[in-house]
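Taken straight from TrEMBL:
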type	residues	note
REGION	339-363	region 'Disordered'
TRANSMEM	12-30	transmembrane segment
TRANSMEM	57-79	transmembrane segment
TRANSMEM	85-105	transmembrane segment
TRANSMEM	150-171	transmembrane segment
TRANSMEM	178-204	transmembrane segment
TRANSMEM	216-235	transmembrane segment
TRANSMEM	247-268	transmembrane segment
TRANSMEM	280-299	transmembrane segment
């Protein structure tokens, strides 16, 4: 019964994670459409500190879609390990990239399509080799994990990095460097996942009839989640307003996934229960995702398709053929010059470039 229950939870978490990616990928498009409408109206943009998007219904539709995705994601973390749920966020990259090519006229070239494919393959590999979390069955056990020195050190570093980027790096480079706002969202996101996992355990305990309302940890996790999510939404809006959606989504995925995997490994000690094959599979899957994201990011502005590749190959063949022909013509001309000289024109210089013949005897 325990094994059947574990498989049942696995498939529930998998389904929730997939649906979460669909909702979140669509939310990027809706929010971007709303921000573009505001820019056409001349309103102060979110990247400049404006909050006019709060009056745009498309932005709210995107927020609701993201809320539905986050709710499904929240539930998925309650049923499945973080290292199973988080890599499936690559599907949101695919959804966002495909939808942006249709609704935002952001062209997805051949490199982008290959990048999406590699992201899916890499996330699938990570799911197959996903490590199993150390079992946490109660809030008391969760509280012991949260006060572990390794996790406390990690949380302090994350908060310090986020504050430096918010108050020092952001005002100087946030408008020109896409990594600034995305880094803030990602490192804070690792803490939000920890809060989500803890609240998932609290909900399970509440359903089982235990007193959760009187437990201070449940309220701390809830307040921490609200603070983290509000920070993520704010800086993600700025990144979306300034930079291309097809860039923000994949880069955010890589940074966020790296942060969550690091946090889960420290908090739940899950990597200690993995075999060598699973470790290699997990790392290989993640590196495959990074390569896919790189293809999406680095070659976004290069207009490449299967048809253009065929045309380019044909163009490359023509200069080669012309080069052979030119070489043959030059060889033929030089042979003709030698024949002319042998026929008795030793004192004549022949210019074949302009067709003129000048005799040296005239001088």
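The backbone N, Cα and C atoms fix where each Cβ goes, and this holds for glycine too.
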Candidate ranges 12-30, 57-79, 150-171, 178-204, 280-299 - greatest C-beta contact count to the transmembrane segment (247-268) (under 8 angstroms):
178-204
In contact by Cβ distance (the transmembrane segment (150-171), the transmembrane segment (178-204); 3 or more pairs under 8 Å):
yes
Excluding the flanking five residues on each side, which residues at least 6 beyond the ends of the transmembrane segment (150-171) place their CB within less than 8 Å of a CB in that stretch?
180-181, 183-184, 187-188, 190-191, 231, 235, 259, 262-263, 266-267
